[in-house]
Amino acid sequence: MSSAVVVSSENLDEKQQSVSTPVVHAVEKKVNLLGMSRAELEKFFEDLGEKKFRAGQVMKWIHQYFVTDFAEMSNISGKLREKLEKICEIKAPDVVHRNYSKDGTRKWVFRVGDGEGSLVETVLIPAEDKTGARKTLCISSQVGCALDCSFCSTGKQGFQRDLTPAEIIGQLWMANYSYMEEVPVAERERTVTNVVMMGMGEPLLNYDAVLSSMQLMLDDFAYGMSKRRVTLSTSGVVPKIDQLAQDIDVALAISLHAPNDELRNELVPINKKYPLQQLIAACQRYLAKDGNESSRRHVTIEYVMLDGVNDKPEHAQQLLKLLKNLPSKINLIPFNPFPHAPYGRSSRNRIIAFQKTLSDAGFVCTIRQTRGDDIDAACGQLVGQVADRTRRAEQWKKKVAQQQEILRTQG
Ligand code: SF4
């Protein structure tokens, strides 16, 4: 069972509940194999006096068959299974809350860390396109975020800490597992088709953990995902974009949100450190690294549509100018307001007019469907709500304990 988490179940329907993670108990000092890359696992087995190929076998059990009990790993000798049982574990973060929307969107709040820990969220969005059915998982890389973009619910929570590789890949593991819980082990298969590192946090500020998690996503012994289907989205940490270009081949997205420095300084403050000219040049270098690779033919530009702020005709014209030498696809995101948000969502007509200007100039420009509105799909929102409920439940428990203490002393 998961560590004790109190989340009120009032107003939650049967698909929207506090839950316990199905994975093994956390035992102190056991090594968690979930976040280990192939190289790390090979070294681990060599240090145990075992052959390196055990790494691949165990990775398949973990990441392709979603098995957490060593006893089920039938191609591993009984002796080694016993040894692993004693010193290792396979543990995804605890699920403390999950919402499954009517439109197929799924959202989880995970507790990471010991004791009270911290909350992070992950959302899965299904879609159909010409390549077939997609299930795209938006993964968090940090607890909170230090960059404080003015339209972002996560930014308002401040930065707490980086996630570990096990906590990052654990989100992908759990999302896949959520479709496999009832399926016999031999028939299990990976369900999530696409990953975007675009949840809570700035992934390039947790570089090493994010890199090793993405390596697992691409590894044929783990998730074996196509590099076109793994996207890292950054608000623009320029030196790390250059490092990423050297270290791994994945698709790149930029949280742009403004077409000029003055406005971007306000919406995405890291722009003061790495202004637009530097950011666009870094994107060009990223694509130039190996422009023939399918993952590097274009950059995706994310642009949240804020009513009266960045959605005017002149902004569309400025965006055209800014991107004229950068192969890019533009994704317009209708803003999903959160409590006390200083912005509103642009009108549908405004968004369509903005899209037309960009499309007429030859850009592929899509409007993100608003999905999962019934489960608060804006990044950082659900965590805030679950934390509030948890706090209220804790306050209530304290109050009951105080009253019991008063009754005891009076009695
Ligand atoms: S938009 Fe991304 S980078 Fe900006 S505060 Fe939110 S999580 Fe951080």
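Just so you know, the numbers here start at 1 and follow the chain as drawn.
Just so you know, glycine gets a Cβ as well, placed from its N, Cα and C.
S-adenosyl-L-methionine binds Gly201, Glu202, Ser255, Leu256, His257, Asn336 as TrEMBL records it, and from the list Ser213, Ser233, Ser347, Ser359 the residue named for this site is Ser233. Contact annotation for recorded positions (Glu121, Cys145, Cys149, Cys152) versus ligand 1: Cys145, Cys149, Cys152, each with CB under 6 Å from a ligand atom. In sequence order, Gly155, Ser235, Ser255, His257, Leu267, Val268, Pro269 are the residues near Cys149 ([4Fe-4S] cluster binding site), counting only same-chain partners six or more apart with C-beta under 8 A. It is Cys152, among the binding-site residues Cys152, Leu256, whose Cβ has the fewest other Cβ atoms within 10 Å in the structure shown. Cys145 ([4Fe-4S] cluster binding site) is 5 Å away from Gly201 (S-adenosyl-L-methionine binding site) when you measure Cα to Cα.
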